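Enquirer: Here it is, the structure in full.
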Amino acid sequence: MLVWLAEYLTQFESAFNVFSYLTLRAILSVLTALVLSLWLGPTLIRRLQRLQIGQTVRDDGPESHLVKSGTPTMGGVLILAAVLGSSLLWADLDNRYVWVVLLVTTGFGIVGFVDDYRKVVRKDPKGLIAKWKYFWQSVIASVAAVYLYWSSTQGAETALLVPFFKDVMPQLGMLYMLMAYFVIVGTSNAVNLTDGLDGLAIMPTIMVAAALGIFAYVSGNVNFAEYLQIPYLPLTAELLVVCTAIVGAGLGFLWFNTYPALVFMGDVGSLALGAALGIIAILVRQELVLFIMGGVFVMETLSVMLQVGSYKLRGKRVFRMAPIHHHYELKGWPEPRVIVRFWILSLIFVLIGLATLKLR
């Protein structure tokens, strides 16, 4: 929004041209989102407490979690507000990729909001019925996938980039839509599964978003793209502003969500953030690298799949409890230890993902 204003004011004062610089707007985006989160956070938490919108704790979970009962949830509204507010201020709104990311993120956030609302306000333990949650996720992801496929203007936009290989870039054709669908829905639900401990999901999200911002910037810069031998995708550079907004909003939320948490993000936050990571990875053509960088999310998801599959097929559990972070809690690890060690793993996964830019 301010890009439009700056373009107009540049006619009268050339100094306003500074706001056309992408890196400056990215810095201002992260700072704006951070300030919005820190400013709005206390008010939101007090409002949630007043409305008694508190987390319900599973009876079969770790005993240490019983003290979390009643902690305000739906804090993901704070993240969404900061991301949307900062992105709308500092991103170039003529860029259609920006709108795709914001609309998908908002759509999944609404699905999560309805689920949270039914659970904590209407006291329905099931929340939004699983089939309806999956239906609306599928609708949003499918619309985005179809739009991106039919609006693509160059082959690189629908090709699969294989990490660590320079010249392996097969054209997906219509399979692109199927892959995009699974990446968006899968990443959204993976982040949702990870959000079980204080700060556990938000820090890996921050790291992955920052890394995706780097991928967006270099793939949207013709010189960097040529040097790194990756496809030049001119529309992706502007996604750096959205990625930094996610980083800023995430850091602001972590201020309140760090152990012991004052607020939880709820499905409104986890589903939205996961969808944002998924759609950005698709746009910058780094779906396979997302699988690497989001290694913690992958671990959490696979642990649930293994647990359910093993119990149905063999009548035995693989882990003491799934997702896997609860397994380590039941082994006696204090919650902060589980969280920080998973953060360290996430950092390692992200660094490996970034290394694919040169190790080709």
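Backbone N, Cα and C atoms are what each Cβ position is placed from, and that goes for glycine too.
What Swiss-Prot shows for this protein is this:
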- 25-45: transmembrane segment (TRANSMEM)
- 73-93: transmembrane segment (TRANSMEM)
- 97-117: transmembrane segment (TRANSMEM)
- 128-148: transmembrane segment (TRANSMEM)
- 168-188: transmembrane segment (TRANSMEM)
- 199-219: transmembrane segment (TRANSMEM)
- 236-256: transmembrane segment (TRANSMEM)
- 262-282: transmembrane segment (TRANSMEM)
- 288-308: transmembrane segment (TRANSMEM)
- 338-358: transmembrane segment (TRANSMEM)
Enquirer: Take the C-beta pairs under 8 A between the transmembrane segment (73-93) and each of 128-148, 236-256, 288-308, 338-358. Which stretch has the highest count?
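Expert: That would be 236-256.
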Enquirer: Using a Cβ cut-off under 8 Å, which residues of the same chain at least 6 positions beyond either end of the transmembrane segment (97-117) come close to it?
Expert: 73-74, 76-77, 80, 83-84, 87-88, 91, 127-128, 133, 136-137, 140-141, 144, 147-148, 184, 188, 192, 235-236, 238-239, 241-242, 266-276, 279-280, 283
Enquirer: Answer yes if the transmembrane segment (168-188) and the transmembrane segment (25-45) have at least three CB pairs under 8 Å among residue pairs 6 or more apart in sequence, and no otherwise.
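Expert: Taking Cβ pairs at least 6 residues apart, the transmembrane segment (25-45) and the transmembrane segment (168-188) are not in contact, as fewer than 3 fall under 8 Å.
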Enquirer: Top stretch among 25-45, 128-148, 199-219, 236-256, 262-282 for CB pairs under 8 A with the transmembrane segment (288-308)?
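Expert: Most contacts with the transmembrane segment (288-308): 199-219.
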Enquirer: Counting Cβ pairs under 8 Å to the transmembrane segment (25-45), which of 128-148, 236-256, 262-282 comes out on top?
Expert: 236-256
Enquirer: Using a Cβ cut-off under 8 Å, which residues of the same chain at least 6 positions beyond either end of the transmembrane segment (199-219) come close to it?
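Expert: Sequence-distant neighbours of the transmembrane segment (199-219): 22, 26, 191, 225, 228, 230-233, 236-240, 243-244, 246-247, 250-251, 253-254, 257-259, 261, 265, 270, 273-274, 276-277, 280-281, 283-286, 289-290, 293-294, 296-297, 325, 338-339, 342-343, 346-347, 350, 353-354, 357.
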Enquirer: Examine the transmembrane segment (262-282) against the transmembrane segment (338-358) and state whether at least 3 Cβ pairs sit under 8 A, considering only residue pairs 6 or more apart.
Expert: no
Enquirer: Could you tell me what the rest of the chain brings near the transmembrane segment (236-256), counting residues at least six beyond its ends with Cβ under 8 Å?
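Expert: Distant Cβ neighbours of the transmembrane segment (236-256) are 22-23, 25-27, 29-38, 41, 45, 75, 78-79, 82-83, 86-87, 90-92, 95, 97-98, 101-102, 199, 202-203, 205-206, 209-210, 212-213, 215-217, 219-221, 262-263, 265, 269, 273, 276, 280, 283-284.
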